[in-house]
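So that you can see what the record holds, here are the features copied from TrEMBL:
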ACT_SITE  Ser128  active site, phosphoserine intermediate
BINDING   Asp84, His189, Thr191  Mg(2+) binding site
BINDING   Asp84, Asp358, His362, Asp399, His400, His475  Zn(2+) 2 binding site
BINDING   Glu353  Zn(2+) 1 binding site
SIGNAL    1-19  signal peptide
Amino acid sequence: MEKILVLFCSFVLISSVISGDRYHPRKTAEDIEGQWRPGSDPQGINLDGYTEFWMKHGQDYINSQINKKRNNGKAKNIIMFLGDGLTLTTTAATRKYLGGEEVQLSYEQLPYYGLVKTYCVDRQVPDSACTANAFLHGVKNNYQGLGISANVPRANCDFEDSDITYSIAKWAQDAGMATGIVTTTRITHATPASAYAHVPHRSWENNADMAARCGTKTRRTVDIAEQLVYNEEAQKFKVILGCGRRNFINATVRDEENVLGRRTDGRNLIEEWIQERNQAGKAEYVWHRQQLDEIDVDKTDYLLGLFESDHCMYRNDIVDNRLLRQEPLLTDMTRKAIEMLKKDDNGFFLLVEGGRIDHAHHANRARQSLDETAEFARAIELAKLLTDSNDTMIVVTSDHSHVFTYSGYPWRWQDVLGIAMRDSNRVPFETLSYANGPSYGNTFVNGVRRDITDDDFTASRRTHQSMVPLSSETHAAEDVAVYADGPWAHLLTGSYEQSSIPMVMAYSAQIGPFSNRFPIVPAK
């Protein structure tokens with residue numbers, strides 16, 4: 001009987017491929033009504049319509065939970081992966097994008113998980129600055145503030161010493177650990193900047209941005225790019241890989257790819273960074289993937305990589321334009337960073353941000369966001385292979401959610417990036433859509449929702465429908481997930497404040513607020 005079922009499944013799969021129904025983006029659930037049967041799903045779960053399959057699946061899950069072993073040892077290394085804008089909906093859609101609902105992304109395979117609340121002190125829906133202050137500093141603050149407390153009003157041009165907050169990167173440095181940052185955004189963008197900068201407004205990435213609000217430099221207000229060169233904690237980062245050259249060079253100077261800078265003070269902060277770091281060891285600056293690949297980590301003490309003038313390129317743009325030999329992917333930068341930091345006998349703290357998941361959502365480009373999430377998951381898988389969970393804590397989370405929706409009643413084998421079903425007026429709508437954003441103008445024509453039947457659903461930059469017109473899609477307020485493995489990872493279960501994340505990481509490594517303050521119990 002089992003062999004007959006397998007043969008039947010194979011026949012249905014082959015028939016669906018030949019008929020063109022499999023993953024057909026233009027066919028709705030109504031179009032293929034009655035074609036799907038339990039056991040014929042082409043995703044690989046051959047007998048998922050049968051009771052025995054799900055009963056065994058549930059038993060296997062219970063066994064995996066029972067057999068989890070808590071690690072109460074000390075974390076030598078900590079790697080924090082931040083998927084900017086990585087919502088639970090994005091994770092679910094990426095599973096389907098990569099093959100099917102039953103796919104488990106690398107971070108979903110980590111043994112412990114929980115949910116965190118993402119609000120700012122002064123806003124219900126957060127931005128990436130106040131959330132970064134929470135998950136790196138352990139202190140919630142105001143919308144758009146970095147490295148300062150909520151006592152400082154947004155865009156205030158001065159503040160007191162008592163208003164400064166410090167990130168877990170500094171706690172690690174104070175304990176003698178090596179530190180690094182990897183991002184696919186500008187290195188002066190909110191998440192990476194929160195590791196080393198202190199500003200009341202995240203947009204002050206260069207002196208011109210800051211001067212527009214504050215005029216000349218005040219006692220405390222120094223632009224983020226300059227802080228990356230001269231701040232105490234910034235000087236100790238062993239590896240910094242990302243993008244955003246424009247904030248380090250003058251507006252009259254062109255970078256390696258012939259793009260003008262944004263500064264107006266005549267300075268070249270890349271050269272200043274090299275000069276400063278060379279006083280403490282061998283410093284290298286790279287802007288091309290080949291240069292990154294050729295770095296000899298054994299002979300390099302400090303590494304700065306800035307691979308674009310603005311943000312790093314989307315992965316699918318790199319692939320589509322055949323730029324893999326020129327532009328490093330998140331996995332490439334993660335590998336080099338871990339190789340650099342593993343040299344230190346005292347361990348390391350590394351922040352890795354998949355920053356363009358968020359940017360694609362803001363543009364209503366679902367495919368690009370899912371593709372960035374897939375690359376983010378690959379970087380996590382790589383980090384797991386390059387480290388040992390016995391002494392390395394890996395924490396994966398997001399800063400905030402998005403108004404991104406996975407809806408309708410599509411059949412299992414339909415393309416997640418295609419049409420879900422038809423509305424009450426028989427006009428088709430997509431499985432993935434947004435509550436607001438720039439694609440509104442492409443969604444409605446004269447107040448009527450446009451028929452998308454003949455659209456090209458395979459375009460990498462396709463925008464998905466949005467219901468409210470905005471120049472940029474907004475964040476959302478719901479909780480985001482945390483996934484963890486390694487020493488004390490079990491503490492990151494349940495529902496809790498986002499600001500608890502760095503406290504748990506610090507506890508696991510006995511740094512910052514928990515330096516030598518708790519007994520270490522050997523892992524069993």
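From the backbone N, Cα and C atoms, a Cβ is placed for every residue, glycine too.
Note: the Cα of Thr191 (Mg(2+) binding site) and the Cα of the residue listed as 'active site, phosphoserine intermediate' are spaced 6 Å from each other. Taking the Cβ of Asp84 (Mg(2+) binding site) as reference, residues of its chain lying under 8 Å away and at least six apart in sequence are, in sequence order, Ser128, Thr185, Thr191, Glu353, Gly354, Gly355, Arg356, Ile357, Asp358, His359, Ser398, Asp399. Within 10 Å of the C-beta of His189 (Mg(2+) binding site) there are 28 other C-beta atoms, taking all protein chains into account. Taking each Cβ in turn and tallying the other Cβ atoms within 10 Å, the top scorer among the binding-site residues His362, His400, His475 is His400. Thr191 (Mg(2+) binding site): 26 other CB atoms within 10 A of its CB, across all protein chains. Put simply, His189 (Mg(2+) binding site) is 15 Å from His362 (Zn(2+) 2 binding site) when counted between their Cα atoms. Taking the C-alpha positions, the distance from His475 (Zn(2+) 2 binding site) to His189 (Mg(2+) binding site) comes to 17 Å. His189 (Mg(2+) binding site) sits 15 Å from His400 (Zn(2+) 2 binding site), counting Cα to Cα. Highlighted in sequence order, Gly85, Asp127, Ser128, Ile357, His361, Ser398, Ser401, His402 have their Cβ within 8 Å of the centre of the Cβ atoms of Asp84, Asp358, His362, Asp399, His400, His475, the residues recorded for Zn(2+) 2, and are not part of that set.
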